[in-house]
Amino acid sequence: MAKRDYYEVLGVPRNADEMTIKKAYRRLARAYHPDVNRDDPESEEKFKEVTEAYEMLSDPQKRQRYDQFGQLGYEESRYRSPFGFDTFDMFGDVFNMFFGSPFATGTRTRPSSRGSDAGIITVITFEEAAFGTQKEISLESQVRCPGCNGRGSAGDAGLIQCPQCWGTGQVRTHKRTILGDFVSSHTCSQCEGRGEVIERPCPECRGTGRVTQKSKLRIDIPAGISSGSRLKLSQKGNAGFRGGEYGDLYVAVEVLPHEIFTRDGYDVLSEEKISISQAALGAEIEVMTLDGPERLYISPGTQTGETIKLRRKGIPHLNGHGRGNHQVRLVVETPKDLSSEEIKLLRRLAEIRRENVGDGTPDFLQKIKSVFR
């Protein structure tokens, strides 16, 4: 079944900028996250679809290829160079064509090329980022062909000497100029400099030694990781050409926003509303932390904006010891819809403090305005 257009998945126009795409992804990732929708089996598929779309459109190079070729064109070109040859060899061949290669007299057999690195995004909650977790991720990568064990050849056919370069990996060209005869060499196009060609290519991988395969992998996410961090898994990327070693897998970590907490380094930040009475007289209240409820003591005369620090109640240090702090910012909340008894008490307090106050009714401001009309 054909995949939906990635722009349609995220609900953004095709000319959307990076910030618009990121905001759309965060909104949808939170809505479809499996931890939030445990009773909805379809949400996991939607979450994977949203993550796949964001992985494509957040990378400028991937997005450019997707816009140019579409989904099918991108899939065909994602594991190979867009030009069909090695850039380093291209410049080497240009140099040799004009100046020759005096050292290219023997066999130039290149080793099997290393596989390309792969990348994927995983989304975790604020608490998972704080304390660490394990995640199962789904991959679609290139692995060594099981039919030929990565050799690229069918059965016992193996490799034979390249008939074009006679096993040297280089093709020599003689040029006669007014300055004399020049000999140049360039990489053999038939064997790509390896000196050997496959006698009978493997029908499963068509001689490349690798096939595309879907798999699942469990990864450990360390405590204290922050949004935007990348985890490197060595040799978990794509298989190399004809038995070449595997590339690496990079896992980008995206942390969902929390309803209560925000983060500043290893410190956790939150706000707590208190009443005028609590601010004036002091109080003991309960606040929520990463470790659960904690008792917080408020000093008499506390003002809006003051911060109380709960030591070692923040984010654990990444790959280390200790934790940050939890900083609670206090906000004094002015009461509304006062009862007549409360108004009397506040007016009595104002009289004692010799303060000029209103009568506590909603139309008091209108009375003041009428004086100046």
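Easy rule for this one: first residue shown is 1, then count along the chain.
Glycine residues also receive a Cβ, built from the backbone N, Cα and C atoms like all the rest.
TrEMBL annotations:
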- 5-70: domain 'J' (DOMAIN)
- 132-214: zinc finger (ZN_FING)
- 132-214: domain 'CR-type' (DOMAIN)
- Cys145, Cys148, Cys202, Cys205: Zn(2+) 1 binding site (BINDING)
- 145-152: repeat 'CXXCXGXG motif' (REPEAT)
- Cys162, Cys165, Cys188, Cys191: Zn(2+) 2 binding site (BINDING)
- 162-169: repeat 'CXXCXGXG motif' (REPEAT)
- 188-195: repeat 'CXXCXGXG motif' (REPEAT)
- 202-209: repeat 'CXXCXGXG motif' (REPEAT)
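Projection of TrEMBL feature records onto the structure.
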{"residue": "Cys145", "record": "Zn(2+) 1 binding site", "DSSP class": "coil"}
{"residue": "Cys162", "record": "Zn(2+) 2 binding site", "DSSP class": "coil"}
{"residue": "Cys188", "record": "Zn(2+) 2 binding site", "DSSP class": "coil"}
{"residue": "Cys202", "record": "Zn(2+) 1 binding site", "DSSP class": "coil"}
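Note: the CA-CA distance between Cys202 (Zn(2+) 1 binding site) and Cys191 (Zn(2+) 2 binding site) rounds to 16 Å. If you take the Cα of Cys162 (Zn(2+) 2 binding site) and the Cα of Cys148 (Zn(2+) 1 binding site), they are about 20 angstrom apart, rounded to a whole number. The Cβ centroid of Cys145, Cys148, Cys202, Cys205 marks the Zn(2+) 1 site; residues of that chain outside this set whose Cβ lies within 8 Å of it are Pro146, Gly147, Asn149, Gly150, Arg151, Gly152, Ser153, Ala154, Pro201, Pro203, Glu204, Arg206, Gly207, Thr208, Gly209, Arg210, Val211, given in sequence order. Other than Cys162, Cys165, Cys188, Cys191, the residues of this chain whose Cβ falls within 8 Å of the Cβ centroid of the Zn(2+) 2 site are, in sequence order, Pro163, Gln164, Trp166, Gly167, Thr168, Gly169, Gln170, Val171, Ser189, Gln190, Glu192, Gly193, Arg194, Gly195, Glu196, Val197.
Mean pLDDT of the predicted structure over the repeat 'CXXCXGXG motif' (162-169): 85. Taking Cα separation as the measure, Cys145 (Zn(2+) 1 binding site) is nearest to Cys191 of the binding-site residues Cys165, Cys188, Cys191. Cys191 (Zn(2+) 2 binding site): 24 other CB atoms within 10 A of its CB, across all protein chains. Calculated from their C-alpha atoms, the gap between Cys205 (Zn(2+) 1 binding site) and Cys191 (Zn(2+) 2 binding site) amounts to 17 Å. Contacts of Cys148 (Zn(2+) 1 binding site) defined by a Cβ separation under 8 A and a same-chain sequence distance of 6+ are given as Ala154, Cys202, Glu204, Cys205, Gly209, in order along the sequence.
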